[in-house]
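Per TrEMBL, these features apply:
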type	residues	note
TRANSMEM	20-39	transmembrane segment
TRANSMEM	60-82	transmembrane segment
TRANSMEM	88-107	transmembrane segment
TRANSMEM	119-140	transmembrane segment
TRANSMEM	160-180	transmembrane segment
TRANSMEM	187-215	transmembrane segment
TRANSMEM	227-245	transmembrane segment
TRANSMEM	257-279	transmembrane segment
TRANSMEM	285-306	transmembrane segment
Amino acid sequence: MEGLNSAQEQLETPSYTDNLIGTLLAIFGNLLVSISVSVQKQSHVALAGAKGARQCYDTGTWWCGLVLMLAGEGALFAAYAYAPLSVVAPLSAVSVITSSILGFLFLREKWKLKEFLKRYIFTFLGCILTMGGMFLFVMFGPNSHEPLNAENLVKHLIGWPFLLYLLLEIITFCLVLYFYKHRHAHYLALILLLVALLGSVTVITVKAVSAMLLLSVQGSLQFTYPIFYVMLVCMVATVVFQASFLTQASHLYDSSLIACANYVFSTVFAIGAGAIFYLEFNHEDVLHICMFLLGCALCFVGVFLITKNKKKTKAFEPYVTMDMVKAIPRIHHVGCAVQPDYNGSFSYGALVNNDSVTPVNIPVVKQENLYIVNCLILSHYN
């Protein structure tokens, strides 16, 4: 009996160690990704205010941000090989918290204590709820560590739970894509639903490729199996299409709203994919599952409060900035605010885009009439 217990402990100890390694890698990777985005954004801002045409890749700051991003994505990729998918996916909330803190530091605004608390109370509350939620779902998350070699992946791939899930996902994706493309239903929920459906396939394939690479490094080569290349192609394809849909959403909606809704949608579908494909919750009791779901719910509320406090982009106002010094109207020089070209109902400034209207010829003013008008104006001011 004692030998059985010791053997069971030896099996359980590495699994908790792997969970810890995967969790730390995911946290570290999300931190690096957030820092890299902030560094690259700072590089773009500096170039926008500088004189002379310089590309972003000519600066060391931009390259530093790129290196940090690659390191962060590599850490996230490795995290999927150690920890369960349902634990790694929700940890992207770390990126939201880090971006919020870095954004506050880069603002460098001076606030009175009362105004500061009033402005950032929801952000602090959101950070506390998100960190509490992450602690809960990491502590009570699934602890399944099946060796993901080619044979086991094929068994999961042809299992009826995943085949049914894949069929429902394909039908849902086609219906949503039909309404989005042909019915022009450009709602944020529909776009992010497309992203989440693709993302559920992405996290499945990322974990499979990462685990097979880890087994290959440890000595059990997996490159000779076709399933490795199938997973790799699906991973690259779904990532590309996800980026395309997210780019379209960023052109239509505010970035803070996209960040909040995308985190909720992607996390829900990623957890569902891990539960169905990798059967991560099969050996978990009800208490652990409930505490895990409570942690996820706290993260959702926390991310909502953090993104809710972001400054929203001002709506377009049709005006042209004019310099009235010496009674000469002219647009500001380079380096000052310039009115952007609006692609909606306005063409430039306050002029309505009436391209379909037939132009009207402007009457020619005769020279003697112009002279009379000028004399009347001068006599009025004198």
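Every residue number used here counts from 1 along the chain in the order it is shown.
The backbone N, Cα and C atoms fix where each Cβ goes, glycine too.
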Requested in this report: Quick one: find which recorded stretch in 119-140, 227-245, 257-279 has the most Cβ pairs under 8 Å with the transmembrane segment (285-306).
Outcome: 119-140
**Report entry** Positions on the same chain near the transmembrane segment (187-215), where near means CB under 8 A and six or more residues out
**Finding:** 77-78, 80-82, 85, 89, 147-150, 153, 169, 172-173, 176-177, 179-180, 222, 225, 227-228, 231-232, 234-235, 238-239, 241-242, 245-246, 248-249, 252-253, 257-258, 261-262, 265-266, 268-270, 272-274, 277-278
Query raised in the report: Between the stretches 88-107, 160-180, 257-279, which one has more Cβ pairs under 8 Å with the transmembrane segment (20-39) than any other?
Result: 88-107
Report task. Grab the same-chain neighbours of the transmembrane segment (119-140) for me: Cβ-Cβ under 8 Å, and only residues 6 or more beyond its ends, written as numbers and ranges. Result -> 19, 23, 86-87, 90-91, 93-94, 96-97, 100-101, 104, 111, 287-289, 291-292, 294-306, 308-309
